[in-house]
Amino acid sequence: REYLDNLTAIGPRTVGSPENEVLAVNYLLEQIRGIERESTDAHKISVDVQRPTGSFSIDFLGGFTSYYANITNVVVKLEPRNGASHAVLSNCHFDSVPNTPGASDDAVSCAVMLEILNTLSKSSESLQHAVIFLFNGAEENILQASHGFITQHEWAKSIRAFINLEAAGVGGKELVFQTGPENPWLVQAYVVAAKHPFASVVAQEIFQSGIIPADTDFRIYRDFGNVPGIDLAFIENGYIYHTEYDTSDRILTDSIQRAGDNILAVLKYLATSEKLAKSFEYRHGNVVFFDILGLFVLAYPARVGTIMNYITAAIAFFYLSKKVLQPKPRAVHNLKKLLTAFSLTLTSWVCTLVAVLLVAVFVSFIGRALSWYTHFYVSVSLYGTAAAATLILVHMLAKKFFYKNVNEHFLGDVFFDASLMIWSIVLAVMTQMGLCSAFICTLWVAFPLLTKLMIHKEFIQKGATIKFIVMYMLGMFVPYLYVLYLSWTVFEMFTPVMGRSGSEIPPDVVLAGFIVIFTMILSSYFINFIYLVKSTKTTLVALTSVFVVTLVLVCSGIFFPYSSDAANPKPKRVFLQHTSRRFHDLDGNVVKSDSGIWINGFDYNGISHITPHVPEINDTIRTPCEEQAPFCGLPWILPVHFMFRFVKNWYLPAREILPRSPIQFKLLSKKLMPGNSVRLSFEVSGPSHMSLYVRPRAGSALSRWSLGDGMPVASLGGDYFVFYSRGLHAAPWHFWVELTAPEKHSDGIVSLAIAAHYFFGEDQKSPQLYALLERFPDWTFSSGWSCTYDLFVF
């Protein structure tokens, strides 16, 4: 705990700042040297401070290129006295995003690693392999320091596996949400060693699908180091992730202890494992893994899961075929009834999805999005009741008009079989697609089928008696309990993400979609009860009443989305950049200039809730798009433009800013190359963070450059984006771009813009920006900095 408190006491640790490059590094080195002095003779400790420079391209956030210079890594190797040929890596990062203390992301992980290093170094038992502890100083700059380490450090060659410690929330349990690629032995190591397991292949497949706008160093080690690993992250209370509220006092000691117990046990297991040295022999195959209520983890090879899934689906199809064919003369009639029930079930699901999404669209349209952000129960009361009511209504109407004189026991039986048929088909399809999450479908086929076989007579003859219901619920207990547990994890992760997912995606539609999906899953084997019981009118009226009352309250605005509650804040995120822009023509003359505070609300609501507090921020100051400039002539720090609509960011006129350390941008040379191409060479010096934007002019094409692997990677929309950062004492940035150009290019061959971002120090905030930030309500997290933007044509 002391390590965590001392690290966060330094304050925000932005790459390039003295806090990150000097104070945090010195603190880590001081602690490491203290640990080294007290270590036993069984171990040898080596320490290295690496300051790499490099560049790479990445397809995250639509694709961009990253360049870093003189950033900082603190690397510690703990190995047996006689050395070791192989190593396991443990990775954390001590830098933070600007204006935040970064306790959970990721100081707590570095504190845990220091404690683990201390514990292992004091042990009299020698390890078989080395453990390398990487305290990386530039993860928030989109994974730069890990790239510098794995591609340039001499110790990287010995690494056979890694554990990456991250955060998407503040405290709670740390979830294993990525493993591999392949290397099932790593998951087995976690299963065997972890004392408090919490892991989900479902989370892995959701995260790797890209629908969560985040990434970790796991990607770098996997893609650039070809090393397999385990990715863990704290996921609780993501509402305050990357905000000023991410402080050490909010992380419970129990969470730190739990993480330490798990990671120490897994690292120790790997560092004494025979498999680590021969990991290439065990690399093939994926793993299905999931924890059971946090008590233990089940893990088995994906190929075994595939066999189990197909066998389960085959047994279900055999059962259904047998039902249809008994008696044979009525086979066609039975099949017709089953397919009708199957179609009605799917129809009810489609109707439910459409109805609930219409409600979500309506709520978004009237400006009441995120009403559930602080009060999650509102989403259940609004969308959950709407989903359940629509589902019941469709089947009530079918029962009343379509199945008017049909035996209710027969209907209950046939609708159960219809649900079983749906799940069996989904199971077969997901297995064919190679999704490890198909194990959920196996639960929803195997347990209901076993339940049906055990209480078959009661199902057909007695209907919904108390005994039947109790037996039925007991048979369904396992899949229902697991899905409820899984849904808690999913909503724990996704609900806070909706507050930082940009202005393009209506969060109510996303959350309503999730609620409908879970409603369909949980109701699939209870649809038959609508046909077994005499009436569901009371249930329908109750659900509809709750829905109507909640909708009226939501429309009235009684549920304010954000909270400044000191114990449990759920702030609105707003980013403000005091910007001075200059647009140059082909001769270098300034043809246009302006200054303003560029404002981005990071959620769908924009600034509608802020205008009453700061009236000048209103819809009359929408941000204009400069069509002739890359990325609309705006100083994006990262290429997240696709997440924001221009009707939902604002440009408040302000005084020009004059940084004490202005950017210096020079064209060094223009050289004609073979193949009718032109190479332009540049030199740039400026603050620790800069963004470069490139757009070839009509008829020209960007063919090569000195960044990444030499092949330019375009961002969404076709422009090119380069993210630059540096540590202290970095040399000026030199780069060149090569363009193929038509013979006549009187209006130039490329538009090139550079933005300088001042995240710390005396240039960070202008007096006008300070004054504006002070007026923002306390339920916002408003992060502000100054920047300049210059557009050139060459």
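Keep in mind that glycine also has a Cβ here, set from the backbone N, Cα and C atoms.
Annotated domain 'Peptidase M28' per TrEMBL: 73-266, in sequence order. For the domain 'Peptidase M28' (73-266), the predicted model reports an average pLDDT of 94.
Among the features that TrEMBL reports, domain 'Endoplasmic reticulum metallopeptidase 1/1-A TM' is placed at 335-555.
Per TrEMBL, domain 'Endoplasmic reticulum metallopeptidase 1-like C-terminal' is recorded for 569-792.
Residues of the same chain lying 6 or more positions beyond the ends of the transmembrane segment (292-320) and with a Cβ under 8 Å from any Cβ of it are 173, 184, 187-188, 190-191, 194, 196-199, 285-286, 338, 417, 420-421, 423-424, 427-428, 430-431, 434, 436, 438-439, 441-442, 445-446, 449, 453, 481-482, 485. Annotation comment: TrEMBL describes 292-320 (among others) as transmembrane segment.
Feature annotation from TrEMBL assigns transmembrane segment to 341-366 (among others).
TrEMBL lists 372-398 (among others) with the feature transmembrane segment.
Among the features that TrEMBL reports, transmembrane segment is placed at 468-491 (among others).
The transmembrane segment annotation in TrEMBL covers 511-533 (among others).
According to TrEMBL, the transmembrane segment annotation covers 540-562 (among others).
The stretches the transmembrane segment (540-562) and the transmembrane segment (468-491) are not in mutual contact, being linked by fewer than three Cβ pairs under 8 Å (pairs 6 or more apart in sequence). Long-range contacts of the transmembrane segment (468-491) within its own chain (CB-CB distance under 8 A, at least 6 residues past either end) are made by residues 175, 200, 202-203, 206, 235, 292-293, 376, 440, 443-444, 447-448, 450-451, 454-455, 458-459, 462, 514, 518, 521-522, 525.
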